[in-house]
Amino acid sequence: MTDDLRLVDITETQLDDVLRVRARSFGLLAAGAREDWVRDAVEFVHDGRFLGVVSGDEVVAAARIWDFQQWWGGRRVPMAGIAGVVVAPEYRGRGVGSLLMRGVLERSRDKGMPISALYPATTVIYRHLGYEFGGHRYRFSFQAADLRSLGGREVAVRRAGAKDAARFLELVGTAHEASRASGLLVWPESKIAEWLEDEENFAYLAEDGFVVYNWSDGDLQVDELVAHSEATARALWATVGSGASIARTVHAYLSPNDPVHLLVEHEADKQAHVQRWMLRLLDAPAAIAARGFAPGAAAEVDLLIDDPGVPAQSGRWHLSVADGTGELTPSDRSGDVLQLGSRGLAALYAGTPLAALRTAGLVTGGPVASDRLLDTAFGGAAPYMLDYF
Ligand SMILES: CC(C)(COP(=O)(O)OP(=O)(O)OC[C@H]1O[C@@H](n2cnc3c(N)ncnc32)[C@H](O)[C@@H]1OP(=O)(O)O)[C@@H](O)C(=O)NCCC(=O)NCCS
């Protein structure tokens, strides 16, 4: 084993090597999944979003960067979604993963993505790199029979396909803007089209809403349901629930505030499935400028950010929030200002209450009076994602 470890861009000829490391990290890809994986991988390679670490010419680690947007306060923020972080077992525990991730963060910044998110298999390495919990992904389970009886028969619902991708994005966009949603991903239209034409998915469209669902181990599972009216919500849920003679349970990826919780007669199963994802800011002024803030909130707060991982966002800043938008400008104000590191900054951005950040030691100093202003400015519906990546 040599120690000349180097960060590299993965090439197409190295993809088999990456798959070998991947198999030792996550298991073999399911039959038929290899082709899809390679097709996606080639896109990452061509766009400079597939990085690796080599020892000599052997690939010993790899990770890829999804070019996503993520909703924050009802606005779309370019986001680097980090996935497939793998290190060969014989190279683990000696800093290879950290070397790789530092390269991934720098590349994401170079590509103009002001924030990054990932689902952690272990939080340790990602916290060292400045990530903190940003939100959740929830899967709730309902009795299919409950959904079946929700009504909405007067609403016309038709089968949808790849050609409806733009309409899906439009319906999602107006819903998330109106609810000032945070956390959800925006996939490229081509990926939405693939999802809609996948024969395993059943997609239905109404005038002001849609649903995409599939079979999951003998139950039904809703990937996404958006409805802009009560009648359409009832109609789309009832369409899924019409499978009640075969499927007893309908699982659904949802917000904990989704209206379906208020429509169904019996509450969702108490055993909801919850995953957490982590967030890191890569360019704080751009991240603040891109997101939405609570419309009525006004805040003028001095901050001292200490982020050795991204020196450009370290230092003294002034945060100004008004009329639903925010601005972070360099400041020379000294004295007792609010201090936070990268993890505190990520958690603040994600709307974590200041009281929790102070108790966890992620924020110190500054006038406590500004905590209320920050809570209001960054607060809103809890961030959640529907998808795993
Ligand atoms: C997780 C993984 C990428 C880490 O790579 P690595 O090269 O071992 O990481 P590093 O040596 O740079 O370790 C960085 C820190 O994370 C810690 N760490 C790494 N793996 C860990 C684990 N499984 N559990 C707890 N801590 C872990 C290290 O101890 C180190 O912390 P320290 O400096 O306080 O000791 C690697 O173990 C791996 O490929 N695992 C299998 C696949 C996987 O889980 N990928 C992550 C998907 S999100």
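Cβ atoms are placed via backbone N, Cα and C, with glycine included.
Among the features that TrEMBL reports, acetyl-CoA binding site is placed at Val85, Val87, Arg92, Gly93, Arg94, Gly95, Gly97, Ser98, Ala121, Tyr126, His128, Arg148, Ser245, Glu265. Sequence annotations record features per position, and here TrEMBL assigns domain 'N-acetyltransferase' to 5-152.
Distribution of TrEMBL features across the structure.
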residue	record	Cβ neighbours (10 Å)
Val85	acetyl-CoA binding site	20
Arg92	acetyl-CoA binding site	15
Arg94	acetyl-CoA binding site	12
Gly97	acetyl-CoA binding site	22
Ala121	acetyl-CoA binding site	11
His128	acetyl-CoA binding site	13
Ser245	acetyl-CoA binding site	9
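Secondary structure at Ala121 (acetyl-CoA binding site), taken from DSSP and collapsed to helix, strand or coil, is coil. Residue counts of the domain 'N-acetyltransferase' (5-152) by helix, strand and coil are 58 helix, 55 strand, 35 coil (DSSP-based). Highlighted here are the binding-site residues (Val85, Ala121, Ser245) whose C-beta falls below 6 Å from ligand 1: Val85, Ala121, in sequence order. Mean pLDDT for the domain 'N-acetyltransferase' (5-152) in this predicted model: 97.
Between the two most distant C-alpha atoms of the annotated acetyl-CoA binders (Val85, Val87, Arg92, Gly93, Arg94, Gly95, Gly97, Ser98, Ala121, Tyr126, His128, Arg148, Ser245, Glu265) there are 54 Å.
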